[in-house]
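Undergrad: Here's the feature list from Swiss-Prot:
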- Cys24-Cys28: disulfide bond (DISULFID)
- Cys24-Cys40: disulfide bond (DISULFID)
- Cys28-Cys58: disulfide bond (DISULFID)
- Cys38-Cys51: disulfide bond (DISULFID)
- Cys38-Cys40: disulfide bond (DISULFID)
- Cys44-Cys50: disulfide bond (DISULFID)
- Cys51-Cys58: disulfide bond (DISULFID)
- 20-63: domain 'SMB' (DOMAIN)
- Ser312: phosphoserine (MOD_RES)
- Ser394: phosphoserine (MOD_RES)
- 158-202: repeat 'Hemopexin 1' (REPEAT)
- 1-19: signal peptide (SIGNAL)
Amino acid sequence: MAPLRPIFTLALLLWVVLADQESCKDRCTEGFNANRKCQCDELCSYYQSCCADYAAECKPQVTRGDVFTMPEDEYGPYDYIEQTKDNASVHAQPESPTVGQEPTLSPDLQTEGGAEPTHEVPLEPEMETLRPEGEDLQAGTTELGTSASPAEEELCSGKPFDAFTDLKNGSLFAFRGQYCYELDETAVRPGYPKLIQDVWGIEGPIDAAFTRINCQGKTYLFKGSQYWRFEDGILDPDYPRNISEGFSGIPDNVDAAFALPAHSYSGRERVYFFKGDKYWEYQFQQQPSQEECEGSSLSAVFEHFAMLHRDSWEDIFKLLFWGRPSGGARQPQFISRDWHGVPGKVDAAMAGRIYISGLTPSPSAKKQKSRRRSRKRYRSRYGRGRSQNSRRLSRSISRLWFSSEEVSLGPYNYEDYETSWLKPATSEPIQSVYFFSGDKYYRVNLRTQRVDTVNPPYPRSIAQYWLGCPAPGGQ
């Protein structure tokens, strides 16, 4: 019997190891659980925290409702009447934020919780209640009681913009002079422009803005030698701060900025700053953990990016969102050398949504009643309470996520479309970057760093494609 002893011992050790490993069995809908050694929630692929049997037990899939198939400024066939009936203006609702520790910019800049009360800014996109599109405010009025007269700020004037940025709830904001605009899928939302002072608590104009693409989704505004940081519309304690302290190596009075996500939780987020004919690349030291973000609403922009990690695009994400071993700022480079086709000086910049190329559906026999821009905004599937019990989108919510060319496909079961339709061999994620200069803008493919070749060509009119103004010579 002696020879059996080693076999028995080995079997016992194997049992101990297997017992120590947690499983996703019956856990696929429980969400993030800080008390577990491994996770089974929908974001575990990004955080590299999934249990070993996550794929087998939970069968993670990228569905049609998780992706865009067109960039923001393109057009597609669209049944306007049906969309208007089903559509609603959905904005993420804020919770009382519990601010997690911000990624380290430098050792002496840690935010001390409770050091001083936060300055509440009535950031309208985070604070508004749900209402159908047809029930928007009357044009020229605002929820804050401030109305900008056309003499003060003419929407279609062609004046250059100072900044564009997506907020964590997917709302798109544009800044020009003393005013800011919130943009919907085709134009400016009713009630805008509003004074930057009334919405953000900062006197305009500002120089640049960006929103980090991580679970916290904090927004940064830059003006002169200082910057402000907001979470859920509330100014973080001890702000504003000097750019030289928080972003060492980045100059004051920047012209533009945009942020990119890390390729995964082990990677680093990047921000590009532009001033004059040069640009700087800055890399954050670290990003917040999933546990640190549990007390606040999840960034819808980050959620959309993290969902794409379910599929086989790891190598592409590493190529697009690579990171250097060390953080901080790199030496400045010339814009004209690295961003081909972009003017030598830009006024504003913004990272576009990630869309999947090669997924254009077959035309429907259904009559196409209209063509409309496809600037669908991000929609959080978790909603206000971040409930993860429902793993699939309803038909109505799925419609809000689809690009405009998908909405006219006719009747089908929206919940039956899984990864069989999405083949990485024939499609891949595309990250666009928008550069705004004067009254025109350019769309650049991040991977090639070249202006896209499309028809109509770039540069295109900001007023026409982003503000809903008539085309030059139009009515």
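From the backbone N, Cα and C atoms, a Cβ is placed for every residue, glycine too.
Could you tell me the structural context for the features on the list?
TA: Neighbours of Cys28 (disulfide bond), defined as other CB atoms within 10 A of its CB across all chains, total 17. According to its DSSP assignment, Cys28 (disulfide bond) is coil.
The number of other Cβ atoms within 10 Å of the Cβ belonging to Cys24 (disulfide bond), over all protein chains shown, comes to 22.
The number of other Cβ atoms within 10 Å of the Cβ belonging to Cys51 (disulfide bond), over all protein chains shown, comes to 21.
Using a 10 Å Cβ-Cβ cutoff, Cys38 (disulfide bond) registers 17 neighbours.
Remark: Cys44 (disulfide bond) has Cys38, Cys50, Cys51, Tyr54 as non-local neighbours, by Cβ distance under 8 Å and separation of at least 6 in sequence.
DSSP assigns Cys51 (disulfide bond) to coil in the three-state reduction, outside any helix or strand.
In terms of DSSP secondary structure, the domain 'SMB' (20-63) contains 10 helix, 2 strand, 32 coil.
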Undergrad: If I restrict to non-local contacts, at least six residues apart, and a C-beta distance under 8 angstroms, what lies near Cys40 (disulfide bond) in its own chain?
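TA: When sequence neighbours closer than 6 are ignored, Cys40 (disulfide bond) has Cys24, Arg27, Cys28, Glu30, Cys50, Cys51, Tyr54, Glu57, Cys58 within Cβ distance under 8 Å.
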Undergrad: Let me know the model's mean pLDDT on the domain 'SMB' (20-63).
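TA: The average pLDDT of the model in the domain 'SMB' (20-63) works out to 79.
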